[in-house]
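This report refers to the structure that appears directly beneath it.
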Amino acid sequence: MVSQFDTQHLPSSNTALVAGVDEAGRGPLAGPVVVAAVVFDPSQPRINGLNDSKQLSPACRERLYAHIVERALAYKVVMIDSTQIDTLNIYQATMLGMRLAVEGVAHVAKSARIDGNRLPKNLPCPAEALVGGDARDRTIMAASILAKVTRDRHMVELHLQYPHYGFDKHKGYGTPAHLAALAEHGPCLEHRRSFAPVRKMLTLEAIHARQSTHQHNENSPTKAAFNMLLERDD
């Protein structure tokens, strides 16, 4: 988890500071879901070029990432790994990440705006769910960029551990290339076993393993000797 809190540039106490919250990586078959919360001082100049992270090029996201972390009064980035996703389910894992992200900036923010139509339970401050918020609210746009860049960087690091899957290119999404690699190599520890394509692959692996074991037993010397004894008895 990454966080920052700028104590030296807090505005006056009567300024309504709002945290923008968004996630990246709910849909991929591998890797974490990442949630970010960002708080800006509304009295300061805006960062030019903010937008929904999905509408920006990787280079543009990286450039804006640097501006956001430099200018934010506070930000928090939370990573929920694939094991937690499989344990909780992706929805609950995302809600957990959102709650932790808001908690990370609650000492600054008086409220939060969260992209989507659902709010996590037990938030430390009042919150509003904003459908399409990553295209409507600048703090949510900033949060979407922090979450996306953080996750993309992490997937590039995972590629170094698991080079067979191409995580550096598709970032864990179920592209044809990823599905082909999954079929050839099977899932790794970073794959989400609760997601249908991965679960199906694990089922196929288990079937093949049982078939191989059965075939091995049928051809083993012990099995052959046992069959000979049966034939003699006949």
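The backbone N, Cα and C atoms fix where each Cβ goes, glycine too.
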### Message
According to Swiss-Prot, D22, E23 bind divalent metal cation; which one of D52, D81, D86, D115 is annotated to that same site?
### Response
D115
### Summary
Quick tally, other C-beta within 10 angstroms, D22, E23, D115; top of the binding-site residues is D22
### Task
Calculate the per-residue pLDDT averaged over the domain 'RNase H type-2' (16-207) and state the result as an integer.
96
### Query
DSSP three-state call for E23 (divalent metal cation binding site): helix, strand or coil?
strand
